[in-house]
Amino acid sequence: MSSKNTLTDAIKEDHQEMYEYYDNYKKAAGDSDAQARWARQLTWEIARHAVGEEIVVYPLMEKHMGHEGIKLANQDREDHQQVKEQLYQLESLTAGTNDYDAIMTRVMAHLRQHNDSEETQDLPQLEPILGQEGSQQAAASFTRTKKFAPTRPHPSAPNKPPAETLVGFLALPIDKLKDMFTKFPTEEMKKVAEQDQK
């Protein structure tokens, strides 16, 4: 992502990636290994994205948008909590099963509604207050924060800084270790998916 991108650009790009990973999960029906890989990629993206928003975006909304910003940020945190709890349930299930598919469907339905709300309500109110330069700085901070965010859902972790930041840094090494033994989509799978989307 370019350093010239706005916060809205960065958030929308992540949202689009989530949808693409879910589409790839659905296209892999009948291949539980491929579905598990795409589900893991999706969960990885959602976990990092949520923490990035909770540490960077929602405090900006609270700081700059007054009571409305606090209300919207609290609703967004509640939305994230629901998604984290559902994603956490997936860890004990097998990809491609009816139970797994049902949770994935619920997660994505909830996320689409949440993402749409961010794109049509939260960000259009925040962007003019931040201005172009402030928005670009927030986008860079959001992107940087995701690099140090946990890669798995932690529904019992705090969802506001500074506690979330500390817990996230503590969880990250464990998540990274788990990721080393987890299957993600192969480069070949990513290339095929990319070609299918064109």
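Cβ atoms here come from the backbone N, Cα and C positions, even for glycine.
Positions annotated as domain 'Hemerythrin-like' by TrEMBL: 7-126.
DSSP places the residues of the compositional bias 'Polar residues' (134-143) in helix, strand and coil in these numbers: 10 helix, 0 strand, 0 coil. The compositional bias 'Polar residues' annotation in TrEMBL covers 134-143.
For 134-164, the entry in TrEMBL reads region 'Disordered'.
According to TrEMBL, the feature compositional bias 'Pro residues' maps to 152-161.
Shown for the domain 'Hemerythrin-like' (7-126): DSSP residue counts in helix, strand and coil, namely 108 helix, 0 strand, 12 coil. Note on the domain 'Hemerythrin-like' (7-126): its mean pLDDT in the predicted model is 95.
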